[in-house]
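Undergrad: Take a look at the following structure, please.
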């Protein structure tokens, strides 16, 4: 028997065994994906929809011929579970695995590459055989972790039940949800609640829930892990016995939602009316120290009015007034949030509307000072004094800029002085070493010359 024949025979035996003894793990129980566990996992938890999973595998045709192996590439295969990034069989099969588990999967064509196949290695209507594991075996589930919604580590989502359709709540949408909140394993909140996305704080709901809801679909049930920034922040929540900078876990079900009007669905009159409402709301949040929530409200004004054209003189004046206030207030929020580059950007836009605006110049100066851009900051504070010579705060900040510039220059001088001293010491050592080597060579030469006559 040739090697190919032996491989084919072995593959057919494995496929037959899996077809006979494998567990049907398809939702419709049509035996399209069969599974046999070779070794149970070492943890109880399985990956959830949206989790990033790390897998090693070896794939074969039903004949036993290998068509792919992640181990031969020396790197695991990574994909987001349940997002349609892989064949159906993989989304179904990997979701049933535990960390450390080793299993075999048999996948019918309709759960693999179907009638199209995947040229050149996988023919049309091919049944596929996978060996899957999590500990160095031919196919492994190496690890999995939740979806980082904003790629800053602040909100991690794990979906327990996928939602329906493709529509999501937008900012300002009215949502109905069920939530349970946990801190350190203790449940501190459990309720059904209806509110406007961006205003969850009015119901003691942290900003991270508002943000996550914009990524959810109707009927979705998920677990959300919130960092302090997206939770209750430094202040905590005494009402719930939660201290500052606490990490939170929420289970949230989005029961229903009604989207808010998009900007293009509103006329100018409505935008100006709503701008007054959200400006007041934003100011309330700002005074309460809820800066992320305030950013959402002021941001609405910008989204509605920044690109609004064809306004009457009266409407244009009102629009500019709202935009100027929004940019200035956003700058103040970003200063509080320590996002200084964004503060500068908002001040630039405010000064584009009013180039001599005292608050815009001063806040941009503050942001630049905190970014160690001392000269630029000093220029802004000097411009403030040109607008208002009585501004004592600006005078004080100019002194701060001068002091910081001096300290910065002195620090640079020390650094460079130390650097040059080290270079000089190194050069001296190299020169001394070279001189020593030359003297040694010279002595050796003289010694050799003295011995020559005796040798003769």
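Including glycine, each Cβ sits where the backbone N, Cα and C put it.
Note: TrEMBL annotation is automatic and uncurated.
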Undergrad: With TrEMBL as the source, identify the stretch among 405-430, 431-456 annotated region 'Disordered'.
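TA: Checking TrEMBL against the ranges 405-430, 431-456, the region 'Disordered' one is 431-456.
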Undergrad: Could you tell me how many residues in the domain 'PPIase FKBP-type' (50-131) are helical, how many are strand and how many are coil under DSSP?
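TA: Each residue of the domain 'PPIase FKBP-type' (50-131) counted once, the result is 17 helix, 30 strand, 35 coil.
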Undergrad: Counting only residues 6+ away from its ends, which parts of the chain sit with a Cβ under 8 Å from the repeat 'TPR' (358-391)?
TA: 327-328, 331-332, 334-335, 338, 340-341, 343-344, 347-348, 350-351, 397-398, 400-402, 404-405, 408
Undergrad: In the repeat 'TPR' (324-357), how many residues does DSSP call helix, how many strand, and how many coil?
TA: 27 helix, 0 strand, 7 coil
Undergrad: With DSSP, how much of the domain 'PPIase FKBP-type' (172-258) is helix, how much strand and how much coil, in residues?
TA: 17 helix, 41 strand, 29 coil
Undergrad: Could you pull out which residues elsewhere in the chain have a CB under 8 Å from any CB of the repeat 'TPR' (324-357), counting only those six or more residues past its ends?
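TA: That would be 275, 279, 282-283, 286, 289, 291-292, 294-295, 298-299, 301-302, 363-364, 366-368, 370-371, 383, 387.
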Undergrad: Please compute the mean pLDDT of the model over the repeat 'TPR' (358-391).
TA: 97
